């Protein structure tokens, strides 16, 4: 669950943030008025000439021989630029507030003297731990309210095609539980897991849960994909009740 939280608040958080920025930019471009001196016929002619020029360039490029050393150098520089952009993106993803908090928590938990300062009835700085616990407990009802709002919006929205919703349900409640059974059984056979059926059951049930409520929080935070998120949440949480009952029975049968 901790690794899943890292994935949600790093990769998924970055995707939602970029989608929100792109959505705002596209909406801003759509709201810009078209200048009166731009004649559509002129634009078409210019586009036609541009397309002809592009075709001629393409024909000329066919005659060009193999890549020269200068072009190879440009390709290498582009590769390093892409690599640098990728590393920078990973760095930004790791700087998401929940990830920073989790990293700090892991550091405090690993170092004994830091842990003794914050955690425990006799810790001198236990007030910090108590405050963080109270704040963390308050986020649960807030996320639940956001989830309820998304479910209510889903009743009035139909922006997604039924086939797409069925595909999501099929992957979420049929493919993923089967994958979970295979992973847990393989890990148990290889000796990575203790011989505790309840522990195996909890690992398997993780593959059958509905989508994380944090997705709805991100959609509200960045103001993007709210309608789609509400519809997906509605149907996945409605299907979660029979799906969890069915797969719980299967898991108990496998582990008994």
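The backbone N, Cα and C atoms fix where each Cβ goes, glycine too.
As written in TrEMBL, here are the features:
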type	residues	note
REGION	33-55	region 'Disordered'
COMPBIAS	43-55	compositional bias 'Basic and acidic residues'
TRANSMEM	94-114	transmembrane segment
TRANSMEM	134-152	transmembrane segment
TRANSMEM	164-186	transmembrane segment
TRANSMEM	198-219	transmembrane segment
TRANSMEM	231-254	transmembrane segment
Top partner of the transmembrane segment (231-254) among 94-114, 134-152, 164-186 - counted as Cβ pairs under 8 Å: 164-186
Beyond the flanks of the transmembrane segment (198-219) by at least 6 residues, Cβ under 8 Å: 1, 4, 8-9, 12-13, 16, 143-144, 146-147, 150, 172-173, 176-177, 179-181, 183-184, 188, 225-226, 229-230, 232-233, 236-237, 239-240, 243-244, 247-248, 251-252, 255
Residues from the same chain, set at least six apart from the ends of the transmembrane segment (94-114), whose C-beta lies under 8 A from its own: 2, 5-6, 9-10, 13-14
